[in-house]
Amino acid sequence: MLSAALSIGVLLALLGSGAAGTAPQGCDIPPQELTRMLQILERSVAESEAPNPSVLLAFNLAGATGSNARQQLLKEIEEDAVNRAHKDMSSGQVALYTLALLSSCRDPQHVESHGLSVNLSRVLDQKTRKEVARLEKDGVPLTTLYSVGLDVLALCLARTGDYEQDAILLAKQLLSSGSQIDVDTQAVMALALECVYDRTELPDTRGLLQEALEEVSKGFLDKQEEGEGVIGNIYSTSLAMQLPLSPSQATTAQEGPPITVHYTITNTLKGKPFEFSITVSVPAGSTLLAVLQEAEKADPEEFSFETKATSWGPMVVSIHGLAGSERDRTFWEFFSGTDSLQEGVGTYKPQDGEHIRAVFSKY
């Protein structure tokens, strides 16, 4: 069975964090290499005795949603969740299953298999309560801090449970003993804090989470310098690379001189065809998400949009009132000129004068 370090860490690092699950900007993966990695994933499905949610996450991040092996794995994970979630799964296992289902556009609150169902989000919250209670009482969780980090990340993405209070506890753990926590665990905990930071509206909570995220980011940069680019080891590096800039760093990055970005939305697939264009000005270093927000602010009637939080960042699910559909196999695909974007809207940074196109497409 592929380890979580390979299927989540390495593929995340190689494929980037875009909604399409493709390579980071300026880093194209040769098609033959991507094919080879997908073949490894497919073999792991055939050879594994138990379904591995990490492999399903990797399939989804690679954009291989039509793979027969991926479809089979999804069914096995749903069946396993129904049969085992209440019994012998740890909180971290339930969290991984939840993340895998969320990335597959499945509702973890209603997982069905062979006429039975389970509310995986509720099970996760119940198991996380026990982890947190032990952590508050004894200073250590029932399992590991890595698992609790996964728990809080999954709860936050699923918008279930008391994840804000859980994140506060994790932030305090990082601030009090962060240097003693391994890189993998710090990275997962920080990803959970990043998710909660984006959701909470409480100033005190945001301040604490920002402080913890800055501490982790600083520590990772120091380790990267000491290790000549490696953060811990090659496996932990791939996971640590998924931690975005801390909130204050992200703000600083977006305080550059203004740039001009041209933005066009096009639909010829469903209902009445439309195409609208606009030119917006944003600070240099801004993400594509900021461009979409600026366009919506300038013309909300034509450029309104909606996003959905996923385990790899915000994904645009609707533009101009037109939403993608799993049933119709439609989605909003982003292009720079004629080239399909290689990152998601939360990480891709347009250049001055760039033309971004959002096209309603089929997959």
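Our numbering is plain: 1 for the first residue shown, then up by one each step along the chain.
Cβ atoms are placed via backbone N, Cα and C, with glycine included.
Where the annotation comes from TrEMBL, it is an automatic prediction and has not been curated.
What TrEMBL records for this protein:
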- D184, N233, L341, Y363: cyanocob(III)alamin binding site (BINDING)
- C156-C195: disulfide bond (DISULFID)
- 285-357: domain 'Transcobalamin-like C-terminal' (DOMAIN)
- 1-20: signal peptide (SIGNAL)
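Distribution of TrEMBL features across the structure.
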| residue | record | DSSP (3 states) |
| --- | --- | --- |
| C156 | disulfide bond | helix |
| D184 | cyanocob(III)alamin binding site | helix |
| C195 | disulfide bond | helix |
| L341 | cyanocob(III)alamin binding site | coil |
| Y363 | cyanocob(III)alamin binding site | coil |
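In the domain 'Transcobalamin-like C-terminal' (285-357), the DSSP tally of helix, strand and coil residues is 15 helix, 28 strand, 30 coil. If you take the Cα of C156 (disulfide bond) and the Cα of D184 (cyanocob(III)alamin binding site), they are about 19 angstrom apart, rounded to a whole number.
Each residue contributes its Cα atom, and for D184 (cyanocob(III)alamin binding site) and C195 (disulfide bond) these two points are 17 Å apart.
Looking at the domain 'Transcobalamin-like C-terminal' (285-357) alone, the prediction's average pLDDT is 88. Under a cutoff of 8 A between CB atoms, and with a sequence separation of 6+ in the same chain, the neighbours of Y363 (cyanocob(III)alamin binding site) are T65, G66, R329, T330, F331. When the Cα atoms are compared, L341 (cyanocob(III)alamin binding site) and C195 (disulfide bond) turn out to be 23 Å apart.
Most Cβ neighbours within 10 Å, among the recorded positions C156, C195, L341: C156 holds that distinction in the structure as shown.
D184 (cyanocob(III)alamin binding site): 23 other CB atoms within 10 A of its CB, across all protein chains.
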